[in-house]
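K.L.:
Sharing a structure with you now.
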Amino acid sequence: MPLKHNWRDFQLYVITAGGCHPGRELVHVMEETLKGGAGMLQLRNKTGSRQEVLREAKELRALTRAYDVPFIVNDYPDIALEVDADGVHLGQDDQAIEEARRLLGQDKIIGISTHSLEQGLAAERAGADYIGVGPVFPTNTKPGRAAVTTSYVSEAARHIRIPFVAIGGITLDNVGEVLAAGARKICAVSAIVGSEDPARVCRSFLEAIRSAEAGGHAIRIRLNGKETTTSAGNVAELVEQLGQGNKRLVAEVNGMMIQRSDWTSAALTPGARVELIQFVGGG
Amino acid sequence: MLVHDATAQTSDTLVIGGVPLNSRFLFGTGRFPSPAIFQQALEASKAEVITFAVRRVDLDHAEDDSILQHVQDRKLIYLPNTSGARTADEAVRIARLAKAAGLGNWVKIEISGSPVTLLPDPIETLKATEQLVKEGFTALPYTSDDPILCKRLEEAGAAAVMPGASPIGTGLGLLNPYNLSLIIESANVPVIVDAGIGSPKDAAEAMELGAAAILANTPVAKARNPVAMAKAFALAIEAGRLAHAAGRIPKKRYASASSDLAGSLFGEPQSDNGGGIG
């Protein structure tokens with residue numbers, strides 16, 4: 001049964017991590033992510049038996065179909081075929097893209113994790129439908145793998161033509177940096193399925209991605225200790241938007257004081273910690 | 001007038017961090033009933049140094065007022081305090097922020113060690129003083145009335161030391177005049193009695209002990225008439241200063257008449273017995 005929409009439109013990709021939500025049913029947690037707007041779902045179970053993976057795959061296939069969201073199986077092309085998943089996701093150590101393609105046919109989605117632009121370009125040439133770009137930040141989901149930082153994200157944004165998904169250690173606190181580096185598709189694992197309210201976290205991720213897409217204007221910053229979304233591009237705009245422009249204020253961005261004359265050139269980046277300080281009566 | 005001449009003497013000008021001051025009243029700006037009353041009280045106090053606190057802007061209330069808007073036309077020395085700081089690092093950060101705002105390089109180091117008494121944390125206060133002096137600040141630490149600590153602060157480079165008379169806002173006056181006089185006796189920098197002053201009488205008492213200046217806020221701001229009280233403080237501080245310079249009499253256990261008894265209308269004429277009612 002083909003998807004009713006173009007799977008390439010997805011913005012938020014969620015991967016299972018049963019270990020992140022002990023005591024809560026996998027299907028229940030993943031349904032929360034779909035309610036929150038996840039646009040692609042992957043089953044990744046590196047520790048379970050084939051039987052267990054097959055059972056989970058069947059459940060998630062039924063679930064994702066109900067939400068018309070593409071369903072990807074990690075590592076098991078045979079299970080992907082058996083449950084009629086929309087595709088498979090491969091690692092650099094798994095079987096080659098060409099081999100998976102022979103097995104699955106032209107219509108299935110084949111994605112692969114890449115850790116450098118070289119690997120990304122190679123995957124593109126080999127016929128991958130999308131690539132994962134990461135880990136952007138160090139992550140417990142893939143311990144021991146060096147983070148590729150947002151520099152590979154920027155390279156991918158410039159040079160990769162197929163859809164690419166930034167992945168690895170991405171949270172609501174740092175997603176701004178990833179978006180600023182040019183990513184428009186985000187994959188998060190523990191930040192979503194490990195949270196108390198996966199649907200809410202998904203909505204917040206999507207809000208961040210959409211505002212980045214809307215021109216990179218709305219960003220999340222920490223203003224006087226509170227998480228805030230702002231469309232201000234610099235400190236001067238921020239102060240003006242807050243209706244504080246006529247006051248004698250001190251602005252601090254990421255612990256650095258900004259002289260008033262420099263407010264216009266002090267660009268606000270996602271995740272910036274901004275303190276606006278004034279002088280009040282005291283003895 | 002004699003009073004005028006006495007205060008005009010340049011030898012009695014208070015100098016803090018190289019800056020000469022004509023007024024020995026450092027004026028706290030908190031808790032006034034209105035900006036207008038604050039301004040009038042400041043005028044009446046003749047103070048040249050004002051203190052204030054550094055706080056995050058209340059973003060939920062855009063109209064929330066900033067004290068400096070009301071004093072922009074005046075020529076004042078700004079003494080931002082570091083209230084709210086619990087450590088030396090926090091105090092240093094606040095001091096740097098105030099300096100960055102172009103408020104000069106004076107700072108009142110105020111590091112509370114207890115939310116109940118608001119008494120200063122001596123260790124952190126000394127650390128912050130050392131650091132801020134190193135960074136070129138004119139550091140005025142608010143400290144407990146410990147003579148040794150005040151000496152250590154002076155050695156660390158404090159431009160003045162500011163022992164409290166009693167805890168902030170209590171109005172209990174000079175709880176330990178003995179310690180204060182020891183501090184004053186041995187200090188080589190101005191001693192400003194800060195905190196706990198309740199009325200002009202306390203201010204005069206501290207000045208008579210030899211304090212160089214008084215920092216007061218609550219007893220003026222919370223008086224029934226803050227403007228009149230500001231003037232009363234200014235007069236008391238001046239009176240206390242003059243009295244200190246004039247030299248008070250030693251205390252005695254028994255009366256001593258202020259007129260010689262010689263020539264008394266009632267006693268036997270004698271050559272060297274004093275008498276007469278004072």
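Using the three backbone atoms N, Cα and C, a Cβ is placed for every residue, glycine included.
Found this in TrEMBL, in case it helps:
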type	residues	note
BINDING	A:Gln42, A:Leu43, A:Arg44, A:Asn45, A:Lys46, A:Asn74, A:Ser113, A:Lys142	4-amino-2-methyl-5-(diphosphooxymethyl)pyrimidine binding site
BINDING	A:Asp75, A:Asp94	Mg(2+) binding site
DOMAIN	A:12-192	domain 'Thiamine phosphate synthase/TenI'
K.L.:
Under a three-state reduction of DSSP output, how is A:Gln42 (4-amino-2-methyl-5-(diphosphooxymethyl)pyrimidine binding site) classified: helix, strand, or coil?
P.N.:
strand
K.L.:
Looking at the binding-site residues A:Arg44, A:Lys46, which one has the fewest other Cβ atoms within 10 Å of its own Cβ?
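P.N.:
The binding-site residues A:Arg44, A:Lys46 were compared, and A:Lys46 has the fewest Cβ atoms within 10 Å.
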K.L.:
Can you see whether DSSP assigns A:Ser113 (4-amino-2-methyl-5-(diphosphooxymethyl)pyrimidine binding site) to helix, strand or coil?
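P.N.:
Its secondary structure by DSSP: strand.
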K.L.:
Please report the distance from the Cα of A:Asn45 (4-amino-2-methyl-5-(diphosphooxymethyl)pyrimidine binding site) to the Cα of A:Asp94 (Mg(2+) binding site), rounded to the nearest angstrom.
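P.N.:
Cα to Cα, A:Asn45 (4-amino-2-methyl-5-(diphosphooxymethyl)pyrimidine binding site) and A:Asp94 (Mg(2+) binding site) are separated by 15 Å.
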K.L.:
Distance check, please: Cα of A:Asp75 (Mg(2+) binding site) against Cα of A:Arg44 (4-amino-2-methyl-5-(diphosphooxymethyl)pyrimidine binding site), rounded to an integer number of angstrom.
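P.N.:
So the alpha carbons of A:Asp75 (Mg(2+) binding site) and A:Arg44 (4-amino-2-methyl-5-(diphosphooxymethyl)pyrimidine binding site) sit roughly 8 Å from each other.
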K.L.:
Let me make sure I understand the structure: which of the binding-site residues listed (A:Gln42, A:Asn45) has the fewest other Cβ atoms within 10 A of its Cβ?
P.N.:
A:Asn45
K.L.:
For A:Asn74 (4-amino-2-methyl-5-(diphosphooxymethyl)pyrimidine binding site), what is the tally of other C-beta atoms lying within 10 angstroms of its C-beta?
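P.N.:
Result for A:Asn74 (4-amino-2-methyl-5-(diphosphooxymethyl)pyrimidine binding site): 22 other Cβ atoms within 10 Å.
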K.L.:
Please report the distance from the Cα of A:Arg44 (4-amino-2-methyl-5-(diphosphooxymethyl)pyrimidine binding site) to the Cα of A:Asp94 (Mg(2+) binding site), rounded to the nearest angstrom.
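P.N.:
For A:Arg44 (4-amino-2-methyl-5-(diphosphooxymethyl)pyrimidine binding site) versus A:Asp94 (Mg(2+) binding site), the Cα atoms are 14 Å apart.
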K.L.:
To the nearest whole angstrom, state the Cα distance for the pair A:Gln42 (4-amino-2-methyl-5-(diphosphooxymethyl)pyrimidine binding site) and A:Asp94 (Mg(2+) binding site).
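P.N.:
Answer for this pair: 16 Å between alpha carbons.
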K.L.:
Would you count the other C-beta atoms found within 10 angstroms of the C-beta of A:Leu43 (4-amino-2-methyl-5-(diphosphooxymethyl)pyrimidine binding site) for me?
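P.N.:
Result for A:Leu43 (4-amino-2-methyl-5-(diphosphooxymethyl)pyrimidine binding site): 28 other Cβ atoms within 10 Å.
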K.L.:
Please report the distance from the Cα of A:Lys46 (4-amino-2-methyl-5-(diphosphooxymethyl)pyrimidine binding site) to the Cα of A:Asp94 (Mg(2+) binding site), rounded to the nearest angstrom.
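P.N.:
On Cα coordinates alone, these residues lie 13 Å apart.
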K.L.:
Roughly how many Å separate the Cα of A:Leu43 (4-amino-2-methyl-5-(diphosphooxymethyl)pyrimidine binding site) from that of A:Asp94 (Mg(2+) binding site), to the nearest whole number?
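P.N.:
Given the Cα positions, A:Leu43 (4-amino-2-methyl-5-(diphosphooxymethyl)pyrimidine binding site) is 16 Å from A:Asp94 (Mg(2+) binding site).
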